[in-house]
Structures are given as structure tokens and as C-alpha cells.
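Participant: Take a look at what Swiss-Prot says about it:
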| type | residues | note |
| --- | --- | --- |
| BINDING | 17-24, 85-89, 139-142 | GTP binding site |
| DOMAIN | 8-268 | domain 'tr-type G' |
Amino acid sequence: MNIQEEIKKRRTFAIISHPDAGKTTITEQLLYFGGEIREAGTVKGKKTGTFAKSDWMDIEKQRGISVTSSVMQFDYDGKRVNXLDTPGHEDFSEDTYRTLMAVDAAVMVVDSAKGIEAQTXKLFEVVKHRGIPVFTFMNKLDRDGREPLDLLQELEEILGIASYPMNWPIGMGKAFEGLYDLYNQRLELYKGDERFASLEDGDKLFGSNPFYEQVKDDIELLNEAGNEFSEEAILAGELTPVFFGSALTNFGVQTFLETFLKFAPEPHGHKKTDGEIVDPYDKDFSGFVFKIQANMDPRHRDRIAFVRIVSGEFERGMSVNLPRTGKGAKLSNVTQFMAESRENVINAVAGDIIGVYDTGTYQVGDTLTVGKNKFEFEPLPTFTPEIFMKVSAKNVMKQKSFHKGIEQLVQEGAIQLYKNYQTGEYMLGAVGQLQFEVFKHRMEGEYNAEVVMNPMGKKTVRWIKPEDLDERMSSSRNXLAKDRFDQPVFLFENDFALRWFADKYPDVELEEKM
């Protein structure tokens, strides 16, 4: 295997969107074209019992929302594609943000009837901060939606990124006729036996169809006043190519995939803590853990650490360093994924995502290196939780299952664990309410441990250096706790309590996460 050639073939990207924009459906269609599934099962299949391939966890199947990041790999057009389907629900932004650290590009799915929605904007900010390319898919043209020019304007005004339409819709909803493909200079037809037609045939095909006349006017306007196409600007994350289509009817998706693979970047390097970039073509293997998932196979109660390979080649059975602990590990049981199905990996290269079976060795953010390399990559973002619950086992006889479940789910990074400094009582912290619901559901379903949860409301959280801590600083308005790494942390009742503390202890430095 020529490693350099293999790395050049890799395209690793995440799909981001607001809930219900059609993200899971387009993921299904991409897998369909990659030959990984025989038919695309959409989220709407909830009533029929056919579930989306990428929504594999029980609670996702029940609700039709993605609450964890699935990793899927397929080959298409000479490229090895690693697609990461991220959680669409805002409560799971932590998991999504970490996933966005492991990709080289993003596909942003937008509901053409709704335009840019809140979650899309939040996720776009993370992508923009990383400076990776964004490819936009305006979805649901099979339904009536907003004017294409309005959608482009909103994209530029709200997200602050220039856009270039790669195609343009001819009608929409019941009047949808197809796409005017500006990039490939052809027509893509929605109805009839022929998939494509030349632009010259447009007048003959559509006659005096008012929608086609409107398209010609719009394109003339775009040619005069629109942005110029620039591959350089796309790769710099300054220009987003915009594709229109319908994931549900699988229209425009294949053209999107082919064009995306043409322009999406090959694997990037990754920054170490000293600021130096590790090049993907470095011969030495390196990677980082961006996600840990327990119970991907409920029959085996397993844990998988998802690793983005940054450089070199992984070979089964290789020994790696874990600089955080100063210890080593052997990577013998390693898989690659198609949502819930997986296969053992013999080798993989920079850009690939591999799953390492984990018995509690790894944590989110860990760096893996080989040989004399003991460096660490820059830390992944961590988040300050906003709402808290006290949690305990409902049945004292189930304490062992309760502790195992809490330990594993916390290590996934899906929820944060704190202990009352004095009593040792468990408290959970989350970004949003849904995280608590998923935690409770999984504790009962996967660990057979019912839990009692009592709301503590919103808290303002700040970390304090152990050397600055005096337990007498704690009061009814600022409870003292330890995080899962035994670092002291204050849970302030509100901003007023925080300001009061800061005034009383001006020399004490309080730290806030993202």
C-alpha cells in the first residue's frame, strides 16, 4: 500500500444542521451512493419500523433525532469518504463541537422553507473558527420554500460568508421541474426518464414555463452581481458553494456528492500544544480521541474510543504512547464503522476514523503517539454546564450498576459529573435538559439502574486552583464541589453570588470553560 496515495484519497467531513432540516436523510443517501445500504431509510420511517442507518441508539430510533455522532465510511469515485453525522439537537452541542475538531470540511444542510436557523448558526461559528471549508445543501425543494435569492442573501447576512450557487432550482414543491446546473452547464431533470439535458434543450423542454423564465432572469442577475467562483476561497472557508436539491426524493444529491468530493480538501495537519503542526504525511502514526461511546453493542456492554488519525499509518497490534498517563497501550482490537455495524481494521491512514475498544484507558482529548514521540495535541473544547441535577440510585442493591453506568456515561463526555465537596453526593451538569433525559434512559436501559434525579436549577460554574481553596469560602450561595478529575469547583447560585465572591476574595482566580 502506498501510504501517500491512500492519504490523498481521504475526505473526512461532518454534516451539520438545525434539527429536522434533513441531515440524517442526506446521510442515508450518501451511504446509498457509496453502496453501503440497499435503500435509504429515512427518519420518517418511525411508524413503519425502518430506522435511519445512522440513528442507531434506542432513544434516537424512538424520537427521530440524532443525539450522538455516528461515524460512517464508504468509497465513491476513487475516494475513501469518512462521514460524521453529528447530533442535531442543541443540548448535544458538546459532542458536536468535539466532532468538528476531527474533520477537514463541513456540509451544512439547510431547510429551504426555513432558511438559517439557530442551531445552524451556532455550529457554523465553530466551523468558521476552525477555518475549514463549508459546503451548503439547500434541502426540501420537493416542498414549497423560500425564494433562492432570499436564501443566499440570508446565508451571507446571518453567517457572514460569501456564497456561490452551483445550481439553481426550476420551480419548487409541486411545480418543481429540476435544477439548472451552473457549474456543469447542464439541466438536471426531476421528472421523466432522462436525468440530464443540455442547456440548449431548456427552451424546448420547458417552453414558456414561467419558472424557467424566472431562472434565466435570476442567473443573469447572479452573473452580473454575484460572487465569482474561487476554489482557493472555498478551501479557506471564505466562500461556500451552494447546492439545491431534495434529500427525501434523492434529487441533486449525487451531483452534490461528486462535486463535493472534487473540491473537499484532503487531510489537514493538526496543532500540538507547542503550536507546531503535525503533517498528515509524517511517517509516524499519531491521533487523538475526540469521542467515547459506551454500549454501541448493548449485548457486550462495550466502550469505543473514536480516534482521528492525524499522521502516518495505523497497523493492527501496534503499540502506542498515551502521553497524558505516561503509559503505553496496544491497539489490537480496532474497528471501522457503518453506524451500528463494524468491521475489524488491519490498517488505516491519516484522515481515517478508527474505533479502539476501551476498558477505561482513554479519555476524550487523549493524544496517541508512537516511538519516542510524547507530544500532545491541543486540547479539545470543554463546556461549562448550565443546569444541574442531584442524582442517586433508586435501589441501593443496584449501586454497582449505578456506579458503572455513571462512570461510563461521564467518560463519554455526554454529561458532566460533580461531587459535593463535603458529602460526596453526586451532581450532574448539562448544557440542556435533553442530556438528563438521555442519561436517565440509558442508565435504565443499558445498565438496569433506575435513578432518582432532583433539579438544582441553573448554576454559574467556576473552577478554582487547589492552592487557593479554603473550605470556609463555601456558603449556601456557592456550593463547593469536585469535578470528575477531583479539581475544586464552585457552583454559584447566580451572577450576583459570583460577583459577591469575587469582591470578597479579589486575589482568588476563578476559571470559566467555553
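Glycine is no exception: its Cβ is also placed from the backbone N, Cα and C atoms.
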Participant: May I ask you to report the DSSP-based helix, strand or coil state of Ser17 (GTP binding site)?
Facilitator: strand
Participant: Where does Lys23 (GTP binding site) sit by DSSP, helix, strand or coil?
Facilitator: helix
Participant: A 10 Å Cβ contact count, applied to the binding-site residues Ser17, Asp20, Thr86, Leu141: which residue has the minimum?
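Facilitator: Result for the binding-site residues Ser17, Asp20, Thr86, Leu141: minimum number of other Cβ atoms within 10 Å at Asp20.
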